Amino acid sequence: AMVMATGASPIVLVLLLCWVAPSGQDMAPVQLRLGGPRGSAGEGRLEVLYQGRWGTVCDDGFDFHAATVACRQLGYTAAITWTHSATYGQGEGPIWLDNVRCGGSEGSLAECVHNGWGISDCHHGEDAGVVCSGQRLPGSSPQATTSGRLGEVAGLSLEEVRLKPILARAKLSMPVIEGAVEVKHNGHWRQVCDANWTRNNSRVVCGMLGFPREKHINTSFYRKLWNRKLKDSNSSLKILSQKNSFWVHRVRCQGSEPHLARCPVQVAPPAPRQHACPHGMHAIVSCLPGPAFQKGTGKGKNKTSQGKVLPVRLRAGTHVGEGRVEVLRHGQWGTVCDKQWDLAAASVVCRQLGYGTAKQALVGARMGQGLGPIHLSNVQCTGHERSLGECRFQDAEHSGCQHESDAAVRCHMPHMDFKSQVRLAGGRNPEEGVVEVLVPVQGRLQWGAVCGAQWGLNEAMVVCRQLGLGFASHALQETWYWAGSPDATRVVRSGVRCAGTELALQQCQHHGPVHCPSGGGRFSAGVTCTAHAPDLVMNAQLVQETAYLEDRPLGLLYCAHEERCLSRSADHMQWPYGHRRLLRFSSQIHNLGRADFRPRMGRHAWTWHQCHRHFHSIEVFTHYDLLTLNGSKVAEGHKASFCLEDTNCPEGLQRRFACANFGEQGVSVGCWDTYRHDIDCQWIDITDVPPGSYTFQVVVNPKHEVAESDFSNNVMRCQCKYDGQHVWMHGCHTSDAYGADVVNNMERQERLANNLV
């Protein structure tokens, strides 16, 4: 019971009345917007307009329900996830809301319970963000302010560019690589006059359309077609071409611009009554697609001038053609510091990879932080370079750069129409459902289901990428709770096997004649997609520094034996007499992705292990193997995730997962989980292994139980020498940390040293 002075009760009553019936100002529609560096539409730092001032929302208590309310208020159908710790940069002004608690059905964030406007104990390092579904609510007029469409340039007068195919073969081509240039000006499409049209103009147009290079073209045949159409009495071209509103008069590009809007453009001729295109026709452009988009190839290498070639790759991007920039230098992959990072440098990266120019040059580790060296800083390109290595740059070693400044890009991509060849049906939202594909069946295109047998995350990843939905979070072999489309009940694909890098499911291997003994229906393949995914990477250097041997008495190994952390020969020993020789080491697993790594199973399904007195959230989290140099396994170990938590986080990020008191398990974005060398099962039992040279291998998330944005870096290998008494580890690296030639050379040297070649 609460006791208080009688004189205070009227005040308490007034306060209670205010809380029950908020003022009209509180209940007025609150305007929201997304701030921070621009990414995909529907993601950013959540900002609220209150009393005429924009402010932020603290991440304390913020959850998926609150994100759902915010996304719906912003005009989107649903929330995909929410972010914490100022993922989209620190905001400015007041922190208007703290400890926001929503049920999920409120019409406005202002209707949710919170501390009160402006009452907060947070700082801007705790600003919350949201990632909303890309689909708008029908008829919504979102209360949002964003900084414009992707690729939009300030002061832009030319909004879009397209190629209108003229020849029959060009009309059948996908992507369209040749045709007449059309630009959108003030909402209307116009042709561009070919008078004074240059190859530099073509280069910029091709870059905008997702192609790395332009191609020389003989326009004489197009001129004949143009003249024939002008003489054709049924054609309206003669009348239209007389109007200046049909034309853009002149474009003058240098060839290094990322967008046509950056080029000097004269829409109308300088003289008032001058014709915009006298004796001219529409400009014709032919583009050369990158290797991945050329017919009959899904793979290939760019031909780049030798000399200063620095191989590049993109990591952790939601879509093809975006990601953190990594370069291969001195045989090792590393990141690029964002000092002076701009569209010119980003465009060189995009073109080098076989894409077009850059839509965005992203700074501040917008595509997650890398691990390992930072190679380049202060990159300055003219835009004409064929490789990032031809640009001016400084070694980042002494630049003071940290991984929170890793540069990233979003590239212009060719339109392939892949989206129209696959769809999801029956899901609760557009990001999930039964996979249905459009394929030729007996000479005509038909929608149908995919056999669920052997369907896995690699295949699901390709589907989500093809639909522009990011990564797969689940691959389902049974979909009995999702009803497929009535016109797609027949199984038209089976035995689908993807590498995971394909741009469309149609590019994956599959059975010739369909063979699906389980039938379709509830055994059809399904997926759940997500815009962001975690990415676990082992710290290879720490393994190398902490490895040692221990002869451990059997009396101390009962629990480890129960959890199958010893070799089988331990079963036949005279317990508790004797010992096992253990190769011990510490492991530190970083989450370099853009979503938290969480166990697939909820707490209700975790397994209790009485001996060690802890819960296993993932039964096999890592595999430890000792291999001969020929690849045969001589010893193995495994690690259950009995405590998946944020052991440490970089400065500015708060630890959010802790195992104490049956707490939530996971690894937050940017944080890492450390298993010390002195913990049970943090070893390989090498009691039965003879002296020699071996490869030590660690595989994180080996069964792909939890989806990641990149599985290529889940394997870590070291060269290991064991003389019977001591062990030496060297050359530790994740499987994608070095170039293939360096790894091959390391393995070759090791084989030569041991007379295996």
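Every residue gets a Cβ built from N, Cα and C, even glycine.
Around Cys122 (disulfide bond), the same-chain residues six or more apart in sequence whose CB sits under 8 Å from its CB are Cys58, Asp59, Asp60, Ile95, Asp98, listed in sequence order. The disulfide bond annotation in TrEMBL covers Cys58-Cys122 (among others).
TrEMBL lists Cys71-Cys132 (among others) with the feature disulfide bond. Non-local contacts of Cys132 (disulfide bond) by the CB criterion (under 8 A, 6+ apart in sequence, same chain) comprise Gly42, Glu43, Ala67, Ala70, Cys71, Leu74, Tyr76, Thr77, Ala78, Ala79, Ile80.
Cβ neighbours of Cys102 (disulfide bond) (same chain, under 8 Å, six or more residues apart in sequence): Asp63, His65, Ala66, Thr68, Val69, Leu109, Glu111, Cys112, Val113. The disulfide bond annotation in TrEMBL covers Cys102-Cys112 (among others).
Cβ contacts within 10 Å of Cys263 (disulfide bond), excluding its own Cβ and spanning all protein chains shown: 18. For Cys253-Cys263 (among others), the entry in TrEMBL reads disulfide bond.
For Cys337 (disulfide bond), the count of additional Cβ atoms within 10 Å of its Cβ stands at 24 [all protein chains shown]. What TrEMBL records for Cys337-Cys401 (among others) is disulfide bond.
Listed in sequence order, Gly207, Pro212, Gly321, Gly356, Thr357, Ala358, Val409, Cys411, His412 are the same-chain residues at least 6 apart in sequence whose CB falls under 8 Å from the CB of Cys350 (disulfide bond). Annotated disulfide bond per TrEMBL: Cys350-Cys411 (among others), in sequence order.
Around the Cβ of Cys381 (disulfide bond), 22 further Cβ atoms fall within 10 Å across all displayed protein chains. Under the heading disulfide bond, TrEMBL lists Cys381-Cys391 (among others).
The 10 Å shell around the Cβ of Cys508 (disulfide bond) contains 19 further Cβ atoms across the protein chains shown. As annotated by TrEMBL, disulfide bond applies to Cys498-Cys508 (among others).
Annotation comment: TrEMBL describes 32-133 (among others) as domain 'SRCR'. Over the domain 'SRCR' (32-133) the predicted model carries a mean pLDDT of 86.
Annotation source TrEMBL lists domain 'SRCR' at 161-288 (among others). Assigned with DSSP, the residues of the domain 'SRCR' (161-288) fall into helix, strand and coil as follows: 38 helix, 33 strand, 57 coil.
Residues or ranges marked as domain 'SRCR' by TrEMBL: 312-412 (among others).
Under the heading domain 'SRCR', TrEMBL lists 422-530 (among others).
Residues or ranges marked as signal peptide in TrEMBL: 1-24.
Geometry remark: Cys253 (disulfide bond) versus Cys401 (disulfide bond), CA distance 35 Å. Counting only residues at least six positions away in the same chain, the Cβ atoms of Cys337, Asp338, Lys339, Ile374, Ser377 sit under 8 Å from the Cβ of Cys401 (disulfide bond). Cα of Cys263 (disulfide bond) to Cα of Cys391 (disulfide bond): a distance of 22 Å. Among the listed disulfide-bonded residues, namely Cys71, Cys391, Cys411, Cys498, the Cβ with the most fellow Cβ atoms inside 10 Å is that of Cys411.
Note: the CA-CA distance between Cys498 (disulfide bond) and Cys381 (disulfide bond) rounds to 37 Å. Spacing of Cys391 (disulfide bond) relative to Cys508 (disulfide bond) is 37 Å (Cα to Cα, whole number).
Shown are the disulfide-bonded residues Cys58, Cys112; of these, the residue with the fewest other Cβ atoms within 10 Å is Cys112. Cys253 (disulfide bond): 22 other CB atoms within 10 A of its CB, across all protein chains. A straight line from the CA of Cys381 (disulfide bond) to the CA of Cys508 (disulfide bond) spans 37 Å.
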